[in-house]
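Structure, as structure tokens:
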Amino acid sequence: NISSVKEFILLGLSVSQGVQKMCFVMFLFFYLMIVAGNLLIVSTVVSSQRLNSPLYFFLGYLSFIDICYSSVTAPKMIADLLAENKTISFVGCIAQLFGVHFFGCTEIFLLTVMAYDRYVAICRPLHYTTLMTRRVCGRLVVSSWVGGFLHSLAQTLLTTRLPFCGPNKIDHYFCDVHPLLQLACTDTYAVGVVVVANSGMITLTCFLILVTSYAVILASLRSQTSEGWHKALSTCGSHITVVVLFFGPCTFIYIRPSSNLSEDKSVAVFYTIITPMLNPLIYTLRNEEVKSAMRKLW
């Protein structure tokens, strides 16, 4: 790598001092909510003997990933909102890029696994305990981590091979592929196509699997009573809400070449901050078992 740039400057969400101070208070509160809410779910799932089904096994890992995912970007962004020197080293920037794609892609795979779990539970209830054993669930989680690692490794290697010789100002609040491609002092068209194809293929494939699984679930519920409909939809409603909140912004950002970074960083707030903060509320407000287990824990 012949890069002469040793550090980057993150321009953040806004250049206005007043807006930055407001954002500092707001995003600090959001981040504390993310950590507290998701830690509460993890501790509840681990400590409660009632929450021993695969659904809660996956939910515990989803909450853990949400903490890690937001922690890659939020603390640096919050600190930069009050700092005059908003720099990040080249190594730190690449590490942040790797972390964002690693935990983000792992979450995508895990949400897909959770959709498969709901499909088996509703469409094949008699075989559920034999199909979704603890060993199978463990393998599915490990596969999600491995898939996220391989995707992130590919994105990171493609980016680090590019030369950076100035300018070094990133119009974003964290290091991502598209902002870095625009700073590289070489033609990045081919790399950009590969990056979009990699991210787009994973996002689209997982989204199609999710849509297909829920279409099959809805089709299988036609013969159910209204009570069966209500019970099935209540278990799937939380997951569908999280999928829409997470996949919508991710698809918008990574399935196309980036043309407007100011627009991209505003959308990125949803899947790096807002969705991880809302996940604990979505899963607890609609689930009596989780709420009951939390009351017992306290």
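From the backbone N, Cα and C atoms, a Cβ is placed for every residue, glycine too.
Look at TrEMBL and you will find 24-43, 55-74, 94-116, 136-154, 201-221, 233-255, 267-285 tagged as transmembrane segment. Marked as domain 'G-protein coupled receptors family 1 profile' by TrEMBL: 37-283.
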Which one, 24-43, 94-116, 136-154, 201-221, 233-255, has the most C-beta pairs under 8 Å toward the transmembrane segment (267-285)?
233-255
Contact between the transmembrane segment (233-255) and the transmembrane segment (24-43) (3 or more Cβ pairs under 8 Å, separation 6+):
no
May I ask for the residues of the chain that lie six or more residues beyond the transmembrane segment (136-154) and have a Cβ under 8 Å from a Cβ within it?
54, 57-58, 61, 98-99, 101-110, 113, 116, 198-199, 202
